[in-house]
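Swiss-Prot annotations:
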type     : residues : note
DISULFID : 225-522  : disulfide bond
DISULFID : 306-336  : disulfide bond
CARBOHYD : 298      : N-linked glycosylation site
CARBOHYD : 323      : N-linked glycosylation site
CARBOHYD : 330      : N-linked glycosylation site
MOD_RES  : 14       : phosphoserine
MOD_RES  : 34       : phosphoserine
MOD_RES  : 508      : phosphothreonine
MOD_RES  : 607      : phosphoserine
MOD_RES  : 623      : phosphothreonine
MOD_RES  : 625      : phosphoserine
TOPO_DOM : 1-103    : topological domain 'Cytoplasmic'
TOPO_DOM : 126-145  : topological domain 'Extracellular'
TOPO_DOM : 186-347  : topological domain 'Extracellular'
TOPO_DOM : 371-412  : topological domain 'Cytoplasmic'
TOPO_DOM : 437-466  : topological domain 'Extracellular'
TOPO_DOM : 488-513  : topological domain 'Cytoplasmic'
TOPO_DOM : 535-539  : topological domain 'Extracellular'
TOPO_DOM : 562-639  : topological domain 'Cytoplasmic'
TRANSMEM : 104-125  : transmembrane segment
TRANSMEM : 146-163  : transmembrane segment
TRANSMEM : 166-185  : transmembrane segment
TRANSMEM : 348-370  : transmembrane segment
TRANSMEM : 413-436  : transmembrane segment
TRANSMEM : 467-487  : transmembrane segment
TRANSMEM : 514-534  : transmembrane segment
TRANSMEM : 540-561  : transmembrane segment
């Protein structure tokens, strides 16, 4: 047997130069030691093939997995690289930390612009349909019908995109004696439904990913489902007994209530410096039209003149009167400083421009917010946040968790003074999976309560002669939401809004166009249809509503039995297959919509043809590689 030194001196192996040297490794050279291994053996050098250049090596290679490697044989340099590894890992970590620190202020900036875009969206809807909303409120004969009042509350709140505005109009009408408290209660219920359309629109911005869209749409519609279910139960109860009217009247009579201060403008202090540069509105015009003051019908909602100390004080001047006041040199007023102050455009044109701009800003900020939240909430950070938000209190206080979430939702809504802003802000988090729908449900219920506390504080700022009726209306809003919570939250089996929202989310993730159809039906077509039927008289409404309600209850009952105990049903009723397909499936409508969109869409360019496949059998035979003159059972790595 040859010694290790004799094998090193054999003609098949030559010593390695100081730098360079090619080592052939592959299936045929599995026993060849690497230079790093040989450096650990004292008195040895690495195996190499200095006589084979790159061209010769390329000729001797074969396509069966052999790899050509270049090794650095200097152990000093290897040791230096080992010492420099921590430093090389530290630089990417510092860069990642710097990027995270930079993303936080950017995320706060986009969140600020997102809230401002919601404010501008509300202003745009008021410019486009504010006077129409005032005209709707003006007809007291319509509002005396409870169903018509409910629909009016929905449509007006959708038009002005602010339940606070619609509620303030109702309070003004009750205070002036144009509307009774009992007639205003259904309108309050309708405004509660209409305010939930904003976060549903926000959920549409996450339609790119089906999973995120399913969660976001379910989290947004849980608010709608709660409001609709509460109205379906409490509106007939109120029409039959008037319990909200009697409870609030007793509360107002039992307390010696004095006028207070205005509701604190906590969020507006931050957003108004930006939004007042875009648009300023005179909301008293809508209230005046609703209360029957026809002198302001031709006045613009765009505010022209403001007080110099506070650029919010509204004035009821048209543009022509404003220009004449400027020539008279009114020292107590100065011109407002916003983009549309001197445009001369009508309110509808300004409203449409502002609507388009606010929607673009809303979509841009929301998309960037979602992307940044995706990059920030990764790995352990997302897990920690999910555990903190979605974990219940330890037993036996598990039941307290939901009510604590309600308090948090009410507090946050009181701070931002808008349930739409709060629910729209948590909708992207629901879509990302940070907040579960089970946790978002009590947060949404708390936001419903929080927006009523703001209305109560605003009512306390009313004059003494109007305080009683204004405070009673605000309390009706509060007790309506409390009654809904008592119906649909304390007992887990009664939390139907969560199940309904999840079903809507699954259906919307499968058919994305269903979200737009849902918005049109629930907030426009169905309220308009019910409004038209109710205006024909209660006989027509009962004649149409009773069969429709019975059919709806029958379908719901059969669906529940089909999913839980189909054996109790006859075979033909265990599925809906006996009906035409369009009556129990959305696939036919989906095919029509898909064809329509494909006809309008531009054809996609064809991808270039793929290169021809080369199979292993078609490769040329491999050239045999040189072998080292080493015994098979004496590997250098085993010494």
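The backbone N, Cα and C atoms fix where each Cβ goes, and this holds for glycine too.
Since we're looking at a predicted model, the values are computed, not measured.
Here the features listed in Swiss-Prot are painted onto the structure.
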residue : record                      : Cβ within 10 Å
225     : disulfide bond              : 22
298     : N-linked glycosylation site : 10
306     : disulfide bond              : 22
336     : disulfide bond              : 21
508     : phosphothreonine            : 25
522     : disulfide bond              : 18
What does DSSP assign residue 508 (phosphothreonine), in three states?
helix
The average per-residue pLDDT within the topological domain 'Extracellular' (126-145) comes out at 69
Any contact, the transmembrane segment (413-436) to the transmembrane segment (540-561), with at least 3 Cβ pairs under 8 A:
no
If I take the alpha carbons of residue 522 (disulfide bond) and residue 336 (disulfide bond), what is the distance between them in whole Å?
39
Near the transmembrane segment (146-163), which same-chain residues lie under 8 Å Cβ to Cβ, leaving out any that are not at least 6 residues past its ends?
121-122, 124-126, 128-130, 132-133, 136-137, 169, 183-195, 197-198, 231, 235, 238-239, 286, 418-420, 451, 523-524, 527-528, 530-531, 534-535, 541
Mind checking which residues reach the topological domain 'Extracellular' (437-466)? Cβ under 8 Å, same chain, six or more beyond either end.
163-164, 167-168, 171, 175-176, 192, 195, 215, 218-219, 222-223, 226, 257-264, 389-390, 402-403, 405-414, 417-419, 422-423, 426, 430, 473-475, 477-478, 481-482, 484-485, 489, 495, 497-498, 501-502
Taking only the CA atoms, the spacing between residue 298 (N-linked glycosylation site) and residue 306 (disulfide bond), expressed in whole angstrom, is 19
Cα-to-Cα gap, residue 508 (phosphothreonine) vs residue 306 (disulfide bond), nearest whole Å
47
